[in-house]
Every structure is written in structure tokens, then in C-alpha cells.
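Undergrad: One structure is given below, represented as C-alpha cells, and several questions about it will come after.
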Protein chains: 4
Amino acid sequence: MTDSIKRVVLAYSGGLDTSVILKWLQVTYGCEVVTFTADLGQGEELEPARAKAELMGIKPEHIYIDDLKEEFVRDFVFPMMRANARYEGDYLLGTSIARPLISKRLVEIAKETGADAVAHGATGKGNDQVRFELSAYALNPDIKVIAPWRDWDLTSRTALIAWAEKHQIPVPKDKRGESPFSTDANLLHTSSEGKVLEDPWEETPDYVYSRTVNPEDAPDAPEYITIDFEHGDGVALNGQAMSPATLLAALNDLGRKHGIGRLDLVENRFVGMKSRGMYETPGGEIYARAHRGIESITLDRGAAHLKDELMPKYAELIYNGFWFAPEREMLQAAIDHSQQKVTGTVRLKLYKGNASVVGRKSPHSLYSERHVTFEDDAGAYDQKDAAGFIKLNALRLKLLARQSK
Amino acid sequence: MTDSIKRVVLAYSGGLDTSVILKWLQVTYGCEVVTFTADLGQGEELEPARAKAELMGIKPEHIYIDDLKEEFVRDFVFPMMRANARYEGDYLLGTSIARPLISKRLVEIAKETGADAVAHGATGKGNDQVRFELSAYALNPDIKVIAPWRDWDLTSRTALIAWAEKHQIPVPKDKRGESPFSTDANLLHTSSEGKVLEDPWEETPDYVYSRTVNPEDAPDAPEYITIDFEHGDGVALNGQAMSPATLLAALNDLGRKHGIGRLDLVENRFVGMKSRGMYETPGGEIYARAHRGIESITLDRGAAHLKDELMPKYAELIYNGFWFAPEREMLQAAIDHSQQKVTGTVRLKLYKGNASVVGRKSPHSLYSERHVTFEDDAGAYDQKDAAGFIKLNALRLKLLARQSK
Amino acid sequence: MTDSIKRVVLAYSGGLDTSVILKWLQVTYGCEVVTFTADLGQGEELEPARAKAELMGIKPEHIYIDDLKEEFVRDFVFPMMRANARYEGDYLLGTSIARPLISKRLVEIAKETGADAVAHGATGKGNDQVRFELSAYALNPDIKVIAPWRDWDLTSRTALIAWAEKHQIPVPKDKRGESPFSTDANLLHTSSEGKVLEDPWEETPDYVYSRTVNPEDAPDAPEYITIDFEHGDGVALNGQAMSPATLLAALNDLGRKHGIGRLDLVENRFVGMKSRGMYETPGGEIYARAHRGIESITLDRGAAHLKDELMPKYAELIYNGFWFAPEREMLQAAIDHSQQKVTGTVRLKLYKGNASVVGRKSPHSLYSERHVTFEDDAGAYDQKDAAGFIKLNALRLKLLARQSK
Amino acid sequence: MTDSIKRVVLAYSGGLDTSVILKWLQVTYGCEVVTFTADLGQGEELEPARAKAELMGIKPEHIYIDDLKEEFVRDFVFPMMRANARYEGDYLLGTSIARPLISKRLVEIAKETGADAVAHGATGKGNDQVRFELSAYALNPDIKVIAPWRDWDLTSRTALIAWAEKHQIPVPKDKRGESPFSTDANLLHTSSEGKVLEDPWEETPDYVYSRTVNPEDAPDAPEYITIDFEHGDGVALNGQAMSPATLLAALNDLGRKHGIGRLDLVENRFVGMKSRGMYETPGGEIYARAHRGIESITLDRGAAHLKDELMPKYAELIYNGFWFAPEREMLQAAIDHSQQKVTGTVRLKLYKGNASVVGRKSPHSLYSERHVTFEDDAGAYDQKDAAGFIKLNALRLKLLARQSK
């Protein structure tokens, strides 16, 4: 903790907690702090972070505020969606996938500014510390990482606020009390956990949701949309071409309106405990279903089943923070190889929490009405072949049964 | 086809197609036919099958009508649900899981009646022929299997009806025309495919659905239920103990009412082609979500992730007809081993197509508020441990990064 | 079988069996035959095949004799070796990996010569028919494949020879009697099966071996060699740069001399039965061990373990004939991605059947003496980190143990 | 480190290092020490440990010396061998599999003696600390674990010896200098690492080997043996029934004589670094090959391939110390389920480092000469079935190829 630090790049939101961290770094290490504030589509004004940083003495050229929305969706969310990744069957990894990008920029800015350390505001109980740090070390093995929440002794809210006041950090009135839960947000999702959510038997209170209307309050009429895919990635909504981040944002609006993408989950953290979280992934849920829809007619069975078998491990790697690990990259190479012909259009029905694929078409469709038809198939398929197919698939089972008699 | 057959047990529904098969077997093989009609909860009267069989000359003692509902749910559906099995990410395997049970009874009845063959009414293009036959061969390697649809030349509906009339088989008026789609039903689901569903871009018409109301017509108010589990299996609904089949039937009623469990899917058949199906699994969908819910607090992470990794293969085995194969049994042994403490209660909200887990509790819960809390945890977890944890997880990535510089 | 065939490309060895097939194709289909004889390093003179083909009326421009040794090793054997593929734990897939290349050329020649069919001499009981045909169909879905051994009625050696004589095909004296076993050979291996090998309790007789000396007759002094690798592929032996086929041939000489690469195996065929085979893979065995050796210091653990997990499926795909299937290509993409830094030198000791890695070095070595040393490591590794690492890895086990009390 | 400890059970070998630890525990914690010395077949006299312990003031009733050889082989080695486990393709896990048993006894003795802690002599860089501690925590979540090598400041040999002398611990003359490498031994193997082995390019010097003769010095004549298996476990050597430990010991003698089971490996430790080790597993190597041999005729393909796919993860779990984790137990359940008919006899040839299966037979053999024969098979197998089998396996590839044109 008391390593000598020259200059540190801090992932800085402009909020109270990271402001306290900023000051704490200055006080504890006597070092220069570079602030990095990322726009990942969390829906907050970021410019106020500049003023606050300046107020705490950060040099203007050491204040970084970057719009990373397109990079986030194009290089992180979409590749992950190609894999149909869901952690523990359900979670679309909205927080997990953002951390490596933040670390990547932290390490880049450290290089640009000659900093020898990076710092983040994640606690010592969660997954995010692991994700930040594994990514940072994988990108720069010599970087130092400071995680104040693991190091300082501000273990209660009261202590934190007292420390803030002692160090002249403005404490907004609404931050004085305890927040009833903790959140993380970006273009893909908002997560909430802690406090009122800590009893997994208690239903999530309505006021926790911020990104979606309650399905009960969603429109009474369904809405139909189409999403176009090229090589496994979404490129258009209702026929209108859109950039990755624009498409996801538009799907978020649709998902919010129709109450889509709420998930109440007890999950297993990498650090070994279970936690209960509430996720809202409105556009991501629609997108994920659409992607499976287009794959259903364009992916060969062998490719599709291999993807399904690899997915749990791939999702676990992202959840655990191993985005920049060789095995994640190997799996990505396999997955990306499968997406060359995943091109076409999916039609979905959105209605009160449901996002259902109702149609799919593609110039590369592998679906053959000629083969599957109950009608005369003009010789496309010889039903007698099935007899031999079954006989040879059964052979080992027969030999086994004979031996077991 | 022209093997000499002495006596054959036919999976007989009492409908036109299997009646034609019954007669065709008599005519073609000159053999005795034993009929077997299973009640798997498909919701049809089975006694008429007896009269029809008798009319075609089947001896009373050769007419089997068995209620297999409890065995079906207890020994097939529930074990499969323990694995959270979904084929290609979505399909709950409602047809696949029924076939091995039918074959098991066919083989048992063959033994009881001294028959040397069994026969089924599945076509040569589908998965069911494979499932029937692999199961039959695995249980009796010496049994002969007759699949008339692969052997005869009745390749059009017209030909079939002409043949029926020629052989004095009554053809109900509503069976003269083509059915607009083909169905299979049991206590777990109803599937529909073919004809009007053959274009995967066209939305499934409303009249295809038979087991669920349209979510738009479902009640405007949500309904909350609880399901109790013991050792991985459901045992009670809303606190009321129920047998497996009774529980599934009650969940079906709830699912029907709330429009839950509709699935429109293009899937990959084992015989090599893609097909589009529509599935309604009202109770099964609720049950599957509840099972994941109870596992989320009672299963250790290592067990849960291993289950997720094994699931695609397990589901594929069932889909492809390998229920009675050693590798399915091995996977089942692993899965069942994990379910010893999967006991507790799940609370779900049912609303217009959604079945959402909103609460879970268990005497064996591994969820520890003490560990996860944002509040003071009284030393349950030392945040400093995380530093070492991350450092050693990062070590290989650092060594790699250093080498790659 | 009696499809109208215009022109067929036959995989032709020049031996009695494929000569009979050649004539049988002419007689049965009245079609033109194009012969294709591949030099895969099987160590036989191929030019005699030309004379024999001409004798049976094949047009000179329809006689193809191709040296495929370099393509075989570079594009098939080496990519497979990158995966450390061994079927059922042991078999280095020497026959399996040659079949797709032969099919690729058959299909190419069919295109060049305007042929509508290809033919091969594999029997209906083995794996090779599957490998030939799956590859052919994957490369040209409209090609017809003729497999005479499945179609004709020449079911005994006597019948075959009688048919040959009736059709004026010269029958060499040593082919009159039954061969005591059946073989397949190429640059990677020689396999033997059948007849004297059919009882798996009986030791393989000495005369079956043709590619290796008996270890007991190998030199009494060990020989040390080095193999250099670049990006996962062998490039030099004892410091001398060699092409893929040249390197494998040189290793074959070494392996032969030292009695390396004999394998007596009962394996599971794709068609459902077990068979007993004897394989000699002298150079391949040395190469496979060397490849693992170089990976051991250049591959990250995550990459290495993922490869080990994927390998059985990859090997099975090749064994079953799915070289040209999307899932094999996906796995290859993942494997190849891992080999970028698999560069360096392996030293092996060859001695009486043993090929042991005794040293390995690489400019990209991830082995760090600084970290691993029992001596003072100058702070490279902080042993206290291990405490936190273990604590968090143990957390879930502790929570579970507490619950189970 | 300075937790209050009442009584601690120490894994005590009687050697200098654990004697220093014993004293250090007394000095540092002022607590009572219970010593546990396990006979795992490491081939050392254990009674001297008693005298030494008494000399350091350990109460007689607190000195445990247990012969665990049969438990070790029966409940740990054999179950692992059922899985054909090899870590990173080669390592037979001789050290890894012994640690959980030692921890199990430590925890049991802690309970018997009312101790609140256990202690071990593994360093902070290795895998063994993880294995000891994960096992201990999984069996008793409230136990404290003391790992002196991570805590004390005796970081050099000189410091350790000085401390020993200061505390009146006798230092044998041959322990004054540095040992040229470090070893671990038990009935399954001896491992050596460190010092002279730290450069992976240097061949292991001859003097490092202690359990096997150099293959060059092994007998010039091969020796044939048979091993009988029942339900997956070895039960007899050359027809003579033996207990598990007796069988393994007898195979060790044979392996030693014929120079079998030497392995020079660079492996990936769980703590993140690569290390180079030399293993001698004479009997284990013979046994492992024999087990695969008996499986080759008694295991169905589906079971065998599933085992091969699960093996790398199973081996990794054992290597990493997760023997007492639910996922290892789940995999064991699957593996054990497969071994019911793995009964029969394997014949092996031992010769100068080679242990080759040359014959196998079983009352449950699934190998069917009738099916595999090149001769007339009397209708056991209809070659025409293969045509349909291939056609349907090819269907998806054809549809794909057609679409890709």
C-alpha cells in the first residue's frame, strides 16, 4: 500500500466515492492524479466531473473524459453477443463486459501521461476489482494497481463522509444517508445490488428499477420490429442502418417501453460468495434473442452445438475478468469463425416483458423447405436412408445390451 | 421389410394414421398385432382406441391402454429438469423425453406377449423414429422395429385415404382434408410443425396454439405462486403437496391461463435438416425457471458451472434419442449427485407470458448475507484476501504480457 | 446404384482390388473412368498404376498421379498436430487425416474432367467410407459417390478373383491367397487390421510390423535430436531447416531405427463396432511429443488447458470424417490462435521405443526461473499472496461445509 | 498469524524442516502441538519421528503415526485411475492425490484431540499449500490453517539452520548443505524439482532418479505380465489376488526394474507460474496403461468418449486441490457409473521404459469379432446400412455447401 507512486490514473465518475478516492490518493501517496471519466452510455452528464477534478487540483491536461460508447458496443458487447453469452444461464454480463474496456483506457492513459499506477473504486468483496486488475495486468504487467476500498479504513458510510468533510470534499445532501442499494450502469444494462436486495426471498421493490417500465404498465398492444444482421452483428433496426451504439440505444428505448429485460438473480461471484442482483438489460435482451434467431437459420448444427458447449466457459471467463486472457481470445476466434454467414433479418414481437422471435430470413438460410416438408419432396431426401442411419447409431447400444443380458 | 414377423406391438393412438398402420401390418406381414395406447397426459380420451382395435380384430388381451403420466413425469421429465436441459438454448424437449418411455413399454409388452417386433407411426424425416428405435434396440437388441412410413408407398394423403377406404377403415370427415399442421402432445408440451409453419419468416398463426392463451388475452393482474422442491424435484404448489404429474398438470393450468411457455423455433434435427416448430410448454416453462431459482441458492458454484457445461451435451443426447445410452446415464449420475441439497421454496410471478422468479429460500441456502453485505460483516470476509487472490490469478497473464512485449 | 453415371473419378492404387473396381465401374455403369493415384508417402512406386490404367482403357489425360506429400503434411498433419490430437487417448489418426485430402483431389479432378461421380475402395464396415464421402459431399454437394464394396456381390476373395479373371485383370500370384491382414500406409503411419489381429487377446505377430524395428533390435545407445518449431509447426531437425514432408520423413527414419511409435489398440469405429488395429507412427510419435514439449514452455496455462479440453472432440471429428465440417474449422481457428508464440527448440532422447523430451528452450518462454526458484526470488513473487488466493478459493467450500454440518 | 491457537496438528515427517516448524509453532503460538506422520508408502522409517517428537516435548498420546497405504490406493489412487487422469497430458498426479488424504487425517485428528488448527510444511510458491488448505477447509470450515513457510522470516537455508541450532534442534550433517533438488514420495510416485532441475533445457541428471533404473540398464529381455480388473479397479497381478496397495507396490517393483514411468515435464502450477519437475511413477504408469486397455474392450464408445472429454477438467481439479469439491464428486459419480463392467484381464509387455498393452480379454467384452471381421459375418452387419448412415450424416454439410456456392 505504501509503495512509492509517482502518478496514478483514477477511474473517476465525479461522484462522492471516487472524489474521496481522488483526495485519498493525493493524501496517502502524495502523488499526482490523472482522472479518467468514461462515457459508456450510463446516461449521466460527464462534464461536471471535469469541474470537480479541477477543483481538487487536477491539471486540465490530466483530465480525460472519453466517449467510448461505440468502441464499447462494437468491440466488447457485440463480440460477446456473437457467443450468446449468458452467465449461469441468464445474466447478460452487462457490468463484466465494461470493465476490461475501462482498464484498457486506464492503461493507455497511464502510458500517455507517464503514470506508474491506476486506481479504481471497486470494493474488495466484488468481481469488479478482479476484472479491473486482471485486465490492467494483462495489458501492462508492470503497472501498479491501487484499490483504496481494500486498503483504507473507511469501513462505514459515516467514516467516509466524515473523512470527506475533513478534506473539504462537498457532500451532496442526498448522499448523506445510505443509498438503499448500489448500482452500475452503461449502455448495455443497469445492475442493482445490496441493501434492500440482500434478502433473496424478498421481491425487488419497484423503485429499484430505472431502465424499464413495469411490464404491467407497458403498452397493451404489441410492437413488431426487425433487426438486420451482417456476419453476426446487428446493423439495422426496422430497415434503418445504425452504428452499433445507436442500434443498442434504440433497442434500449424499445425495451424500456415494453418492460423487457428485467432479471432478478442470485449468482456466484468469482471471489466465492453468492450475491443477489437485479439487472435491467432492455436492448440487450432483445438483441440476444434476435441473434439466436438469425443463427437458427444460418448456422450449421455442428457449429451451433459447439458454440452452445463452449458458451458457459466463455461467459465464465468474461464474468471472472479474463477478457484479455488467451483462452478467451481462442474461444472468440472459434466463435467469430462461425459468424461469417450469420446475415439476415429477424422479426420480433415486443409485448409486456416478452421479446419473441416470430420470423427470420436470410440469403444464406440453411433451412430447406424442400427437405423438411411433409409434402412430396421431389427426391430431396430418401426416407430409407434413415433406416441405415438408425441401425448404425444403434449398433453400439445393441452390442452393449447383448453383453448386459 | 419382408422379414417374417410373428407378432408386433404397435404404438397405437386410435387415430386414422395408426389405424392404417395397424391394418397395413396385418396385411403386409400376416402377423398378429398388439396395440399399446399410452396416456402421457395428451388430453385425449383413450378408451375409443380400444373399440377401434377390437373392430380391427385385435384380441382383447392384446389391447394395452396404460396411464403412464406419473412414471413419465417422475422418471423422465423431472430427471431431465434436474439438468436444466434446453436443446439449442430454448427447447424443453417435450417430445424427445416421451419417446423413450413409449419404447420402454413397447419392449416390455413385446416380452409379455411374446412379440418379436414393435412398430411406430413416426415418419422417416423426423427425430422420433430415431428416438423410438434407439430406445427399443438399447432395451432389447434382438427386437425388430417396423417403421411403416419408411417402408410403404403411401406417400400422399390421398393415397393413404384411398388405402384406408379400400381396407374398410373409417375415415372421419375432418381427416379427409390435409391437416394444416402436425402436432404431438403430452403432459409436458404440445408441439406443432409442418404446413402453415414451414416458412420460418411467417409468424405462427393464432389457431395453431392450443395449450396457452395468447399473452394479450391473459389476466391483467399478475399471480404469485410458490413451488417447493426436495432433492431437486418439485413436491408442492402453494404449499400443497402434489405428486409429480399432479404438480405438472397444475402448473400447466397456471401457464395456460397466463400465456406462458410459447416458443417459436427453428431447430436442427438429428437427421440433418433444419425444421421450424412451435412449442407450448406452459407448466414446464414455469417449473424450469423455478428449478434454476432453487438451485441458485442451494448449489455450489463448482457444481452449478459443471452442470451448465454438461447441459448442452445432455440435452443433445435426449433430443437425438440416446436416453438409454451409457453416456446419458453417466451425466445423470453426475447431475443427480448435485441435487441432494436442492431443497427449498421458490416464489414466482406469472404475468402475460412471463414466469419470473422473485424470491427463493432454503434450509440449505448457501447464500450468506453476512458475507455479501455492504455493511460491516463482522470479519466474515477479509477484503485484503482479494489482493492475493487477484495477484496469483494475474500471474500467468503478467508473465505472458512480459514475454509479448 | 444404377444411377446414370457419365464419368467417375476413382481413387486408384494400381493394386488388384482397385483394378477390379475400375473394371466393375466400366462394366456396371458403362461410364468413363478417371483414375487418381496419390503419393501420400506410402512408399510404393506409383508409375505402374499408369500402365495398368492404360491397359484397362483409361485415356492418358484421365490418369492422374499426384505427389501430395507436402500438402498432406503441411495442411493436414501439422494442423492436426497443433491440437495434440490423439483419438481415444492414443491413436495419432494417421489414416483418418489422409482421407479428406484424397477426397479433396477427387472432387477437384471431377471438376477438371467434368465427372459427375467419384468412387473409392473402402468397405462398408469401416470408417474410411465415411471419411471419403463426408469430405466429398462437403466439398461438392451434388457429387455422386460410388462405393462398390457396399454395392456389389463380390463378398468373398474367391468371388473377387474369379470376377477379375473373367474380366482379364491380371491377378498377381501373391494376391491369390488371403492376405493375413489389411494395411493402409502414408507418410504419417502404417495401420494394420483384420485376420491375424482379430483376437484382441493375441499379441500382434512380429511380421505385421513394417515401419519400425522391434525395440529389442534397436540400437543399444540412445540418440539425441533437436526439433525446431515456429508458430506451432516443426521447421528443422538438428538445426537443419526442412520442409514439412522432409521433416516428417527424416523423423520416420529415426523412429524406425529406434522402434518408436508402435501402438496396439482396440478402438471404437464411427459405424458402431470395436476393432483392433496396430499402428506404426514412428516420426509422428516423436513429433507429437516434441510439440507438447515446446508448448509446455510457450503456451499459457489457460490456452493449454482449453486445448486439452477441446482435443478429444477435435480428434473425434477427424476420426469420424468431419475434417471439412464447420465445427472442426472453428476448433482449428481456436487452436491456431494459440500457436503464435509456439516457437523454440525441443531436445529428445530416442531409445528402444522411447521418445522422451529432455530439454526445451524458446525466445518466447513463459517459464520464469525467477518466479519458480527455491532461492531468493528478489521479490518476484510474494508468498503472502498465496494466503488470500487460497482463502478466496476456499470460500465457497467453507460455506458449503458449514451448511452441510 | 498471531491468531490465538490452542492446539495444532502438524503434518510431521520427522525431518529437519518439519522439526523446525514444530518448534516454531511452540515458540510462536505457545500452543500444544500434535504430530501426525503418515505412511503413504514413501519408503522411510516412521518410528524415528516418534522419538523426535517426544524429544521436543510432544505428549505420547499426541503423536500419531498412521499407515494409510491401503486407504491411499483404494480411496484416492484407484478412483483417480478410473478416470485415466493425466494432468496436462502426462502427469499422473502422484503428489496431488496424496494431499487430500493427509488433510483428511489432520482434520480428523484435530477433532479427536480437540485441536483448533492444523499446520503443514508446504511453501508459498507451490501447489501443495493449496491442496492441503482447500481440503482442510472443505472438511472443517472452522479449522485454522498455519503455513509457516508463508509466515516466518526464515527465507534462506542458512537462516533456517541457525534458527534450528538456536533452538536445540539437531541438524544432521547431510542437511547442512543445500539439497540439490527437492522431492516428494509416496506409493504412487516420487517427484523431484528445484535447483539442478530449474533450467528446462538441461537434461535431468542421472542421480535425481531414485525409483527406477535407467532404461539403458534395464533387463535386455522383455517381461510379460497380466493384471486383472474388477469394476474398474485392479485386483490381481499374474493371476494372484492382491489388495490395492500390495498390487501397486508389486507394480512399482516391476516398473523400477524395467525403467518405466519416468517423466520430465514443465507444468503449469495453480498459483500461476510454470515449474519443471521430474516424476517417477513406475507402477502407476503400468497400471494406467492397463486400465485403458481393459476399458478399450469393455466400455461403450459413448461412455469412453465422455470420459475422455471430462478427464482434463477432472485432472485439473485434483491438481488444483479440489478433491473434496462437489464438482469433483459429480465427475467421480459419472466416472464410477461407467466402470460397472470394466472387468477382465490385460496383458502387458514391459521392456526398457515401455509398458505396452499386448492383449485384453473380458467376460463383458463389447468387441465382436463377428461384426468386425473381413470374412463373411453371417448377416451381423448389413453394409448397405452404411449408405444411409453416411447420407444423413452428410445432409447438413451438403445443405451448407449448397448455400456457400
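Any Cβ shown, glycine's included, is placed from N, Cα and C.
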Undergrad: For the ATP site that TrEMBL describes with C:A11, C:Y12, C:S13, C:G14, C:G15, C:L16, C:D17, C:T18, C:S19, C:G121, which of these is also annotated: C:A38, C:A110, C:A115, C:A138?
TA: C:A38
Undergrad: Let me make sure I understand the span of the ATP site: among C:A11, C:Y12, C:S13, C:G14, C:G15, C:L16, C:D17, C:T18, C:S19, C:A38, C:G121, what is the greatest distance between any two Cα atoms, in Å?
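TA: The span, Cα to Cα at its widest, is 16 Å.
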Undergrad: Whole-number Å only: compute the distance from the Cα of C:N127 (L-citrulline binding site) to the Cα of C:G121 (ATP binding site).
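TA: The Cα atom of C:N127 (L-citrulline binding site) is 12 Å away from the Cα atom of C:G121 (ATP binding site).
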Undergrad: For the binding-site residues C:S19, C:Y91, C:G121, C:T123, C:S182, C:E267, which ones lie near chain D, with a CB less than 8 A from one of its CB atoms?
TA: C:T123, C:S182, C:E267
Undergrad: How long is the line from the C-alpha of C:Y279 (L-citrulline binding site) to the C-alpha of C:D17 (ATP binding site), rounded to the nearest angstrom?
TA: 22
Undergrad: What same-chain residues, at least 6 away in sequence, bring their CB to under 8 Å of the CB of C:S96 (L-citrulline binding site)?
TA: C:Y87, C:N127, C:R131, C:I318, C:Y319, C:G321
Undergrad: Would you mind checking how many other C-beta atoms are within 10 angstroms of the C-beta on C:D17 (ATP binding site)?
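TA: Neighbour count, Cβ to Cβ under the 10 Å cut-off: 16.
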Undergrad: C:G15, C:G121: which of these binding-site residues has the highest Cβ count within 10 Å of its own Cβ?
TA: C:G121
Undergrad: Under DSSP, is C:R131 (L-citrulline binding site) part of a helix or a strand, or is it coil?
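TA: For C:R131 (L-citrulline binding site) - judged by DSSP and reduced to three states - the answer is helix.
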Undergrad: I'd like to confirm something. Which of the binding-site residues, C:Y91, C:T123, C:S182, C:E267, has a Cα closest to the Cα of C:A11 (ATP binding site)?
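TA: Result: the closest of the binding-site residues to C:A11 (ATP binding site) is C:T123.
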Undergrad: Pop the Cα-Cα gap between C:Y91 (L-citrulline binding site) and C:S13 (ATP binding site) into the table, whole Å please.
TA: 25
Undergrad: Highest Cβ count within 10 Å among the binding-site residues C:S13, C:S19, C:T123, C:S182, C:S191: which residue is it?
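TA: Of the binding-site residues C:S13, C:S19, C:T123, C:S182, C:S191, the highest Cβ count within 10 Å belongs to C:S19.
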Undergrad: Could you tally the C-beta atoms, other than its own, that fall within 10 angstroms of the C-beta of C:Y279 (L-citrulline binding site)?
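TA: Other Cβ atoms within 10 Å of C:Y279 (L-citrulline binding site): 26.
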Undergrad: Among C:Y91, C:S96, C:N127, C:R131, C:S182, C:S191, C:E267, C:Y279, the annotated L-citrulline contacts, find the widest CA pair distance and round it to a whole Å.
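TA: So the maximum pairwise Cα distance among the L-citrulline binders is 18 Å.
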